[in-house]
Amino acid sequence: MKTYNVAIVGASGAVGQELIKGLENSFFPIKKFVPLASTRSAGKKIKAFNKDYEILETTHEVFEREKIDIAFFSAGGSVSEEFATSASKTALVVDNTSFFRLNKDVPLVVPEINAKEIFNAPLNIIANPNCSTIQMTQILNPLHLHFKIKSVIVSTYQAVSGAGNKGIESLKNELKTALECLEKDPTIDLNQVLQAGAFAYPIAFNAIAHIDTFKENGYTKEELKMLHETHKIMGVDFPISATCVRVPVLRSHSESLSIAFEKEFDLKEVYEVLKNAPSVAVCDDPSHNLYPTPLKASHTDSVFIGRLRKDLFDKKTLHGFCVADQLRVGAATNALKIALHYIKNA
């Protein structure tokens, strides 16, 4: 079997760490592993495959010098903008950032939906979709193929690790401060003691309806990503309206979905379609308190769906609640599936 030299740009970040775990736990045919990062992190040690690796600086030359075959980019859009094209001259690039997602020459891939697009990459770059988009499309696509979707309204409840290690540290530090203050004075106004860290407001004991920047139409970039990326991945144009909220959860994004179909539907058929959908786990027995939660979804590679029910007033509308580990399903696992599909079918 052919083996590959693999690089991860942003190896020390939250998604980079999940990529390493995924490579360690999969049957990925690795010949050489090269961790890459910024000048700030270069020279530091990182553990992978039961040994220590020195992080190299990301440069335009490093990919050719190290004979990289596959390069995963998870270090932010500006890094992908600067270095991905250089890497793609000698390596297949799988980019986890938003920079290339809507580029017409770069396929945007969820392998369970449009794996064939992996081989339609003239720039030798394949984009990994937004984490919230990946889990949503894995629910929408099988339903659309069976019932035909008319429109979607989605509200997200997104974990702090979606903002990387700085988001995790903000929640931990703010919770520590808040709990210490509440121990001294249970009636204290936390607005007076908590300071914003990685987010626009303190995230501890809070919910912030603000992910990415606001656009002139009142939507955030995150909300518009879910619209435009879904259209590109699924090849559809039905309306999608999103509201994205950051919540004080460490890991796994949740989404409340309201899906309007073109015709009335049978709820039993919905269950059958989703039970047979790849990477989807139906978790739905409210009488026994069985429904998706972020804790249950964390450290898994499934999109959990539950609370499935017909709208009380519109027989064509389905409601549901889906949860997935955004660091795995929404980033690392999807990227690895792209690379593995490429290797097996090239």
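Even glycines carry a Cβ here, placed using N, Cα and C.
The shown structure was predicted, so the numbers you read here are calculated from the model rather than taken from an experiment.
Features as listed in Swiss-Prot:
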type: BINDING; residues: SER12, GLY13, ALA14, VAL15, ARG40, SER41, SER161, GLY162, GLN326; note: NADP(+) binding site
type: BINDING; residues: ARG101, LYS225; note: phosphate binding site
type: ACT_SITE; residues: CYS131; note: active site, acyl-thioester intermediate
type: BINDING; residues: GLN158, ARG246; note: substrate binding site
type: ACT_SITE; residues: HIS253; note: active site, proton acceptor
- Counting other C-beta atoms within 10 angstroms, the emptiest spot among the binding-site residues SER12, GLN158, SER161, GLN326 is SER12
- Note on the structure: Among the binding-site residues ARG40, ARG246, the one whose Cβ has the most other Cβ atoms within 10 Å is ARG246
- Message: Highest Cβ count within 10 Å among the recorded positions ARG101, LYS225, HIS253: which residue is it?
- Response: HIS253
- How many other Cβ atoms are found within 10 Å of the Cβ atom of CYS131 (active site, acyl-thioester intermediate), counting all protein chains shown? 28
- Message: Same chain only, sequence gap of 6 or more: which residues have a CB within under 8 Å of the CB of ALA14 (NADP(+) binding site)?
- Response: SER161, GLY164, ASN165, ILE168, LEU327
- Using Cα positions only, nearest of the recorded positions to SER12 (NADP(+) binding site) (ARG101, CYS131, GLN158, ARG246, HIS253): CYS131
- Euclidean distance between Cα atoms of ARG101 (phosphate binding site) and GLN326 (NADP(+) binding site), Å: 17
- From ARG40, ARG101, CYS131, LYS225, HIS253: recorded positions whose CA lies within 10 A of ARG246 (substrate binding site): HIS253
- Message: If I take the alpha carbons of ARG101 (phosphate binding site) and the residue listed as 'active site, acyl-thioester intermediate', what is the distance between them in whole Å?
- Response: 12
- Task: Sort the recorded positions ARG40, CYS131, GLN158, LYS225 by C-alpha distance from HIS253 (active site, proton acceptor) and give me just the closest.
- Result: GLN158
- Task: Round to the nearest Å and give the CA-to-CA distance linking ARG40 (NADP(+) binding site) with the residue listed as 'active site, acyl-thioester intermediate'.
- Result: 27
- Query: What is the biggest Cα to Cα gap, in Å, among SER12, GLY13, ALA14, VAL15, ARG40, SER41, SER161, GLY162, GLN326, the residues listed as binding NADP(+)?
  - Reply: 26
- Euclidean distance between Cα atoms of GLN158 (substrate binding site) and the residue listed as 'active site, acyl-thioester intermediate', Å: 10
- Look up ARG246 (substrate binding site) in the DSSP assignment and report helix, strand or coil. strand
- Cα distance, GLN158 (substrate binding site) to LYS225 (phosphate binding site), nearest Å? 14
